[in-house]
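Everything below concerns the one structure shown next.
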Amino acid sequence: MSPQTETKASVGFKAGVKEYKLTYYTPEYQTKDTDILAAFRVTPQPGVPPEEAGAAVAAESSTGTWTTVWTDGLTSLDRYKGRCYRIERVVGEKDQYIAYVAYPLDLFEEGSVTNMFTSIVGNVFGFKALRALRLEDLRIPPAYVKTFQGPPHGIQVERDKLNKYGRPLLGCTIKPKLGLSAKNYGRAVYECLRGGLDFTKDDENVNSQPFMRWRDRFLFCAEALYKAQTETGEIKGHYLNATAGTCEEMIKRAVFARELGVPIVMHDYLTGGFTANTSLAHYCRDNGLLLHTHRAMHAVIDRQKNHGIHFRVLAKALRMSGGDHIHSGTVVGKLEGERDITLGFVDLLRDDFVEQDRSRGIYFTQDWVSLPGVLPVASGGIHVWHMPALTEIFGDDSVLQFGGGTLGHPWGNAPGAVANRLALEACVQARNEGRDLAQEGNEIIREACKWSPELAAACQVWKEIVFNFAAVDVLDK
């Protein structure tokens, strides 16, 4: 090796390990409109300064590795590296910090939620220097949003397809979720739709099991919804779950649903994966199918306050990947969901522009630049007594889904559907007349019971059923 080469090497590269904060902690950095911004809740190991922890997150989720490497000199780290540009201590929590990280847009493949998550939440969550790490929020810049198709159709197109306006939509998950034959399953679908519901639904784990193969279920459900449509004069739908073991099989099931002429299919977007979900969303737009997405497995990822990914991030990812509906919790039912947090990500699903609002857990202003909106689905442990609260909390652009709250009616499935439809109509009418659903809800339901024995029977069964448990994931004080 010549002396000149040795001299250049000694100047251009110095082997060894150096602190992340020397390269990746840049409090002077001014974020760009094209940056993807992330807010991480960081819990460092004892003895690790917060600046080093935040810089480590920025490094390990972008260009960094544990040691200096020769090939750093072959690219521009200043152009491609993530930067931890701000750190806040979490009030009321010991050794917890919010680290803000900016990522250059060139780090991400266009139109790929899969690639975005692989970078931002890939290896870094197993990093030993951190006791815990949670991704609280993302700011997706308009330049990146515009590379996604998003929901196949969106809220307004769905309403136009269904010809239903001015109220929430009503649904029901068929129970028991497993074990019914296809014919008995179709019977339950017919009874619920005939009783007044807009939708019925496959449960998330109904795919193609020995007791009910997918093709048989699709056929009996299509027969049921067409019969109910003929008798009621309303457009009906059943969420036919197309989730399968391979993308090819999933698309095959969606093709069969399209051939049957049904309006909507379903996908478990977290267990199925973002690549599969985006593929199905593209198929649904091209072929006029609505897409209902279920968030099965979400609580494994989002429920713990100090580690994982907050659901508001998963909701944003779903809007980008594509889905016309997404389960969002109920606030009042059996599943986790604090009111302000829930309404925060509901707005992120539906609205075109959402301002930063830390009181609702929204860390960044989000501009969706006309990406279609997603209907939030309130489902899980709800019944007729919850109808006023659900109508007040979620408003018209939502789906209120009663499984046990329909099929558990003492008189059967159809009366259960009648009870829910009448409770909803009573709440919408009362709201339109200027009544306060939050204060007068129970009285509104009692008044409606005078005109509906089905509703009165439902109210009697569920009058004392409540789920009074404190939420695990709550806002910081």
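Each residue, glycine too, has its Cβ placed from N, Cα and C.
Here is what Swiss-Prot records for this protein:
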- P3: N-acetylproline (MOD_RES)
- K14: N6,N6,N6-trimethyllysine (MOD_RES)
- N123, T173, K177, R295, H327, S379: substrate binding site (BINDING)
- K175: active site, proton acceptor (ACT_SITE)
- K201: N6-carboxylysine (MOD_RES)
- K201, D203, E204: Mg(2+) binding site (BINDING)
- H294: active site, proton acceptor (ACT_SITE)
- K334: site 'Transition state stabilizer' (SITE)
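Locations of recorded Swiss-Prot features on the structure.
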{"residue": "N123", "record": "substrate binding site", "contacts (Cβ under 8 Å, 6+ apart)": "E60, S61"}
{"residue": "T173", "record": "substrate binding site", "contacts (Cβ under 8 Å, 6+ apart)": "T200, K201, D202, D203, S379, Q401, G403"}
{"residue": "K175", "record": "active site, proton acceptor", "contacts (Cβ under 8 Å, 6+ apart)": "D203, G403, G404, L407"}
{"residue": "K177", "record": "substrate binding site", "contacts (Cβ under 8 Å, 6+ apart)": "D203, N205, V206"}
{"residue": "E204", "record": "Mg(2+) binding site", "contacts (Cβ under 8 Å, 6+ apart)": "N241, T243, D268, T271, H294, A296"}
{"residue": "R295", "record": "substrate binding site", "contacts (Cβ under 8 Å, 6+ apart)": "Y269, L270, F311, L314, L318, I326, H327"}
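A simple Cβ count within 10 Å picks out one of the recorded positions K201, H327 as the most packed, and that one is K201. Apart from K201, D203, E204, the residues listed for Mg(2+), the same chain places the Cβ atoms of T173, I174, K177, D202, N205, V206, Y239, N241, M266, H294 within 8 Å of the centroid of those Cβ atoms. Fewest Cβ neighbours within 10 Å among the recorded positions D203, H294, S379: that distinction goes to D203. DSSP assigns E204 (Mg(2+) binding site) to coil in the three-state reduction, placing it in neither a helix nor a strand. Largest CA to CA distance in the substrate binding set (N123, T173, K177, R295, H327, S379): 37 Å, whole number.
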